[in-house]
Amino acid sequence: MAFHAEGLVAIVVFYLAILAVGIWAAWKTKNTGSEGDRSEAIIVGGRDIGLLVGGFTMTATWVGGGYINGTAEAVYVPGYGLAWAQAPIGYSLSLVLGGLFFAKPMRSKGYVTMLDPFQQLYGKRMGGLLFIPALMGEMFWAAAIFSALGATISVIIDINVNISVIISALIATMYTLVGGLYSVAYTDVVQLFCIFLGLWISVPFAMSHPAVTDIGLTAVHQVHQAPWLGSINSLDIYTWLDNFLLLTLGGIPWQAYFQRVLSSSSATYAQVLSFLAAFGCLVMALPAVLIGAIGASTAWNETEYGVPDPMTKKEADMILPIVLQYLCPVYISFFGLGAVSAAVMSSADSSILSASSMFARNIYQLSFRQNASDREIVWVMRITVFLFGASATAMALLASSVYGLWYLSSDLVYIIIFPQLLCVLFIKGTNTYGAIAGYLFGLVLRITGGEPYLYLQPLIYYPGCYPDENNIYIQRFPFKTLAMLTSFFTNIIVSYLAKYLFESGTLPPKLDFLDAVVARYSREHMDKATLVKSDNIVLNELAPVNPRHSLTLSSTFTNKEAFNYVDSSPELSNTEDD
């Protein structure tokens with residue numbers, strides 16, 4: 001395939017435009033945040049992200065390269081089809097559930113990152129443990145989509161994969177470095193527009209290619225391959241349900257999602273953003289589904305691609321750029337490529353910012369440098385943005401194992417963080433002992449279930465497992481959901497057992513080495529009584545919450561405006577109103 005100078009120019013122009021928007025957003029908001037609150041402005045955008053920009057950035061975070069390419073691939077692969085393209089429905093339901101049940105309690109309490117409630121209730125040690133799967137999920141996700149982008153660009157304009165990965169990562173890291181959430185949010189608006197326009201422009205050209213059979217016919221009849229609507233065999237129902245629950249429930253506890261929730265101007269806005277993004281995810285999946293269907297309806301021997309078809313060449317994961325390259329005019333394929341690169345960058349920048357935000361606040365500030373100045377936290381964030389971006393790029397260049405590692409880490413988010421989030425927000429009485437026990441049980445059950453992408457054999461063979469072509473056993477039993485439920489109930493049972501043993505005197509107070517039951521108001525709990533145990537505190541969800549970070553742990557987690565709201569008498573309120 002010849003080198004396409006026009007395609008390279010188009011990509012360079014697009015990347016420069018995105019970089020310009022990111023730098024403009026950073027310049028426009030450089031004075032946002034009062035003195036001492038600049039780090040919060042970088043993490044949650046000063047909590048003044050509106051509905052329009054917020055809806056775009058939350059949608060763009062989910063509609064990434066993996067979402068677009070993966071949906072097209074699932075529809076195209078014979079034997080799977082649309083029935084197995086779970087991401088659009090799964091992630092949309094995830095956003096709906098997040099908006100209904102999680103957005104309001106998280107935003108109304110004025111948290112800054114997803115890990116804040118864990119450190120508030122369970123202590124800094126547990127927060128550090130939960131940071132590990134959260135970091136792994138963000139980093140391997142960013143690496144996987146950088147890898148997908150490099151392969152996509154190399155298909156269409158035939159440049160070195162490594163060069164395209166490095167340049168893409170540099171652009172995304174650069175504007176995230178200078179502008180934080182503001183740059184990410186404003187570039188997401190541009191990127192989402194490019195994704196929508198680029199893919200929808202490509203669809204009619206690809207569909208009208210003479211080698212493409214009517215997709216309505218190939219949806220239910222076998223022409224070039226099995227119908228692209230797909231089907232679910234009775235033996236695979238539990239696997240399908242396990243994966244669907246992983247996407248739906250496991251899509252909630254991600255810092256990239258809660259960063260948008262916590263950046264909203266109110267708890268109600270946070271809920272509305274989630275619902276808007278759910279609708280946006282469905283709409284943005286439609287062109288990817290159509291492109292997958294077009295790939296399944298194409299006689300590839302009648303195109304320049306030739307024989308064998310992409311499935312036989314093991315290029316099914318690249319069906320979207322292949323359709324753009326061989327079924328669309330050159331200028332359209334370049335425009336579509338810009339759409340795919342936009343999709344990748346809109347997710348990668350969010351993951352890098354999310355990882356650096358959690359590290360700077362929950363690990364560096366709250367665990368090691370509780371009196372760190374705001375300027376110091378800002379610099380830690382900038383350094384970690386660069387380091388995490390470089391790490392994701394390095395992993396993307398080792399693409400053979402990135403996807404397997406991402407699958408495993410995303411499973412850990414579902415199995416470990418989701419049940420912990422349920423307990424910390426909705427189950428009263430859980431403590432650090434239960435959290436650690438649930439963490440370990442979930443981790444052990446997941447790892448012993450094996451992972452085919454990493455060629456990891458299972459240690460526990462659940463009913464229905466079978467060997468694949470590499471003699472690695474595949475589990476049909478929904479063991480991931482089993483591990484999640486085990487983690488959830490273990491947390492509750494061990495928490496209440498520890499509480500009973502200490503409060504009944506069966507165990508002496510000196511054995512409460514985590515200060516989780518006896519010393520319940522210790523500094524290890526970061527003054528958890530402030531927001532968790534005081535029933536007389538009423539939180540006003542419409543009030544903007546701006547907690548300061550640089551004094552003490554108590555002031556970090558104390559919503560002073562909530563106190564003002566409760567303590568102010570009617571007379572004072574009327575006086576202020578007058």
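Placement of Cβ uses the backbone N, Cα and C atoms for every residue, glycine included.
The model shown is predicted, which means the values in this text are computed figures rather than measured ones.
The feature transmembrane segment is assigned by TrEMBL to 6-27 (among others). Outside the transmembrane segment (6-27), and at least 6 residues removed from its termini, the chain residues within Cβ reach (under 8 Å) are 153, 156-157, 159, 167-168, 171, 174-176, 178-180, 182-187, 190-191, 194, 330-331, 333-335, 337-338, 341-342, 345.
Annotation comment: TrEMBL describes 48-68 (among others) as transmembrane segment.
Sequence-remote contacts of a segment are chain residues at least 6 beyond its ends whose Cβ falls under 8 Å from one of its Cβ atoms, and for the transmembrane segment (129-157) they are 3-4, 7-8, 11, 64-66, 69, 114-115, 118, 164-165, 168-169, 253-256, 317-318, 320-322, 324-325, 333-334, 337, 340-341, 344-345, 347-348, 351-352, 354-355, 358-359, 362-363, 388-389, 391-397, 399, 402-403, 405-406, 409-410, 412-413, 416-417, 420, 436, 439. Feature annotation from TrEMBL assigns transmembrane segment to 129-157 (among others).
The transmembrane segment annotation in TrEMBL covers 163-182 (among others). Sequence-remote contacts of a segment are chain residues at least 6 beyond its ends whose Cβ falls under 8 Å from one of its Cβ atoms, and for the transmembrane segment (163-182) they are 15, 18-19, 21-23, 25-26, 28-29, 32, 41-45, 49, 146-147, 149-150, 153-154, 259, 263, 341, 344-345, 348-349, 352-353, 381-382, 385-386, 389-390, 392-393, 396-397.
Under the heading transmembrane segment, TrEMBL lists 189-207 (among others). Residues 14, 17-18, 21, 52-53, 56-57, 59-60, 63, 68, 215, 280, 283-284, 287-288, 290-291, 294, 323-324, 327-329, 332-333, 335-340, 342-343, 345-346 of the same chain, all 6+ positions outside the transmembrane segment (189-207), place their C-beta atoms under 8 angstroms from a C-beta of that stretch.
What TrEMBL records for 237-257 (among others) is transmembrane segment.
Here TrEMBL flags 269-298 (among others) as transmembrane segment.
TrEMBL lists 318-344 (among others) with the feature transmembrane segment.
The transmembrane segment annotation in TrEMBL covers 377-399 (among others).
Residues or ranges marked as transmembrane segment by TrEMBL: 405-427 (among others).
Panel annotation: around the transmembrane segment (439-462), residues 126, 129-130, 401, 403-405, 407-408, 411-412, 415-416, 419-420, 468, 470, 472-477, 479-480, 482-484, 486-487, 490 of the same chain, lying at least six beyond its termini, place a Cβ under 8 Å from a Cβ of the stretch. Among the features that TrEMBL reports, transmembrane segment is placed at 439-462 (among others).
TrEMBL lists 482-502 (among others) with the feature transmembrane segment. Nonlocal intrachain contacts for the transmembrane segment (482-502), taken as residues 6+ away from its ends with a CB within less than 8 angstroms of a stretch CB, comprise 249, 414-416, 418-420, 422-423, 427, 429-431, 433-435, 437-439, 441-442, 445-446, 449, 509, 511-512, 516-518.
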Surrounding residues of the transmembrane segment (405-427) on its own chain - C-beta under 8 Å, 6+ positions past either end: 102, 105-106, 114, 117-118, 121-122, 130, 133-134, 136-137, 139-141, 143-144, 245-246, 249-250, 252-254, 395, 434-435, 438-439, 442-443, 445-446, 451, 453-454, 480, 483-485, 487-488, 491-492, 495
Residues of the parent chain within Cβ reach of the transmembrane segment (269-298), under 8 Å, 6 or more residues beyond its termini: 50-51, 54-56, 58-59, 61-63, 67-69, 71-76, 78, 81-82, 85, 87-89, 91-93, 95-96, 98-100, 103-104, 106-107, 192, 195-196, 199-200, 202-203, 206-207, 209, 211-215, 217-219, 223-225, 228, 260-262, 310, 319-320, 322-324, 327
